[in-house]
Amino acid sequence: MSATQINYRSLNEENTTVINIHELETSYEVEDTPRNSGVLVHTVPEKNKTRWNHIQDLDSFFTKMYQYHQKHGFSVILVDEIFQLFVFTFVIWLLVFTANCLNHDMLFGNVPPPNNHSRVAINDVIYPVDKCLESFGSMTYLILIISALYFFIRTVKFFYNITQYWDIKKFYNTALNIGDSDLDNITWYEVKKKVREVQAEQNMCIDKDHLTDLDIYHRILRFKNYMVALMNKNLLPARFNIPLFGEVVGLSRGLLFNIDLILFRSPGSPFQNNWQLRDDYNIRGNQVDLAKRLSKLILWVALANLIFSPLIFIWQIIYFSFTYANILKKEPGALGMRTWSNYGRLYLRHFNELDHELDARLNRAYEYADKYLSSFSSPLLAVFARNILFISGGLLVVVLALGIYNEFVFQIEHVVTLITVLSAIGLICRSLIPDDNLIWCPEQLMTAILAHVHYLPSSWKNKSHTTLVQKEFGYFFQFKANYVLYEIFSPLITPFLLLFVFRPKALEIVKFFRSFTVFVRGVGNVCSFAQMDVRKYGNPEWQLDNSVFNNNADDNNENQISCCPNNGKIELSLLRFTLTNPDWQMPSEAINFVNGIRENAIAELSKAKTKDFRLNALTESLISFGTMGDEYSSVARSLLERCNIRENNECFNEKVYDINHAQRQDHFEQMLQQNLGEKSQCNERMRSKSVKALNSSFGRNDMKKLRTSKLEGRLEGPSQSLLHSLYGPESLWEHSPSDLTIADMCLSTLYLHEIHNRKQKSEQPINAATIESTNKPSETVLTSNVGETTPLLTGT
């Protein structure tokens, strides 16, 4: 019997409680309870504090606890859930009312107004209730029956969720001592810290005395980590060919929902509950049988999608029409904006990364990504767009001028439709015409994007100006119009993707779950990659010392590379997790990896102080890091000047560094004046800044733009990081803003990618041309002083 099933009654002010044993004996088997006494005295740690020991489903509990924090408390969640039910009811009512309760002949003017009236009244258009009900057909009744069934299920789910969230509210208020009004002013890091204290006090998880940050993340992101690994292993149906259309890349929300249902939540899925893989997957030699079982499950789910695809398709059209109607009225160009695709979000996601952490990271890269793709244009399309824009603009001016002269023009049939179509054509054409004042710098923009998103193919380096890279990156960062159209038509595509793309991979998926699932005490079965074990699953090409893997076997090294994720997923995930969770006790291999990067960076910084030094991985990363914006530039300048690198090395002397830098800053200032209309201070000479001054200026304004609850890591920033190591043991960084967590991860990302690139080229001969290209000054990044906020429609 769990203690959460016992109802306690306060006895006095000394935190003692009384339980009637006779009542317990009637319904439960009580062990180790003295049957002769009438009461059981139990002491709780605090007054009015609910017991939370031995929670059976910690996955659901921690997930709802996280959602409760991010959704701003019980009141907001309750209102949102109610409105979801109301919106569904409203949509069904509006459809039935429009189809059956309106006199369409009268509405469209096909018949004259009744009683010789000059105008049609509202009562003339709307049928009475009895006549409206008489017009219901079999299709209408079928829609109402299905809608009523769905509404009943949603209502049951509503009451279940509200009950669960009420328990979470009590947990926050009593166990964590956090009120709903304080949720926006407390970080997720602080919530986790309090949860660990409650675990040590009340044993929410009975298998472990103490929970770690990684344990909590495993519970919340157990299935999401598997999805990230499946994406890295190319086992998801993200790329497929459609006849006459060619290759299509994307993951719709409906497809992701079905995959999640098949693999984790359906009765026949590989997982028998939220935390345990089925025992069949532990038996050798039954892979084929398991693959057949999974293939059959995919088949049934695909057939169900095929049967209901017409209804889901109609619902998608209605949903997106209602969602974007008002937005498009105020912002006609909203669909011409870009957003991160579902494919891109899953590809770029770290292991053990929560939703708000991913959103913040991608939002910071939004401006750079938008400028990068906007810098590409087709000269042929631009010629067509200019001429079509001229013609459509001329027609629009004539229609508007005639309407202004005589308003009767606007009453002519389809004139308003003509104005709308001409306006839309103008918006599309303007988006295809390049900006004459744009400075083209794709390599530097891609470097800034990489610093924030952390994962991009290494083959893209020095190829960002090519059409191939631009096309591939467009799959990550697509037009909102493409996203909406793909989501609308996804119900018609999803069944075939499940049948012909996902189902043939059933055996590979079975092998994946058997090979990359480990048991963690107190957590259950998790994806082995999510353990971030750099020794077992790290990629030697992304690490400084290969001896951590195997000392004498090249074939084993190849096997290691073949089973590990691509693009340094393990290594970068580990770095990010250590920065946002500084209290996490890392295993020895992780400590050696993180410390090795910092020690190598310190060594390269020391080498940079010598006069015979050439640019190394650290200084290259610092130069790239410094071109990302004023805040990042101030960090790079402060670090380089603090170590007197410019004065001691030819590569940073006045002739090579300052002159080229001044030229780049002049171009940057010109870009700002032409494109942003803002006065730039980028032409000022580089001057030394103390670390203390840097702390007071860097990131303070940016912090105010983000809710505290959405911050990554703790409010004070990381206690140990790459920047701390480079600056030395001084205590000048103790009160650094949390944005230094972001800055440190950006620099660490660039540094690790630079090490990887140099390691790949280590076997190639270095000639004079290579050295010259290495020392060649890079282009300037197009940046803006405007705050990096989530663009319109991005979060949909």
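For all residues, glycine too, the Cβ spot is worked out from N, Cα and C.
The transmembrane segment feature in TrEMBL is assigned to 74-96, 139-160, 297-322, 380-403, 415-433, 483-502. What TrEMBL records for 775-796 is region 'Disordered'.
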Candidates 74-96, 297-322, 380-403, 483-502; stretch with most C-beta pairs under 8 Å toward the transmembrane segment (139-160): 74-96
Leading stretch by Cβ pairs under 8 Å, where the reference is the transmembrane segment (297-322) and the options are 74-96, 380-403, 415-433: 74-96
Contact call for the transmembrane segment (380-403) against the transmembrane segment (74-96), three or more Cβ pairs under 8 Å: no
Chain residues in Cβ proximity to the transmembrane segment (415-433) (below 8 Å; excluding those fewer than six residues from its ends, i.e. six or more beyond): 332-333, 336, 377-378, 381-382, 384-386, 388-389, 392-393, 395-396, 399-400, 403, 409
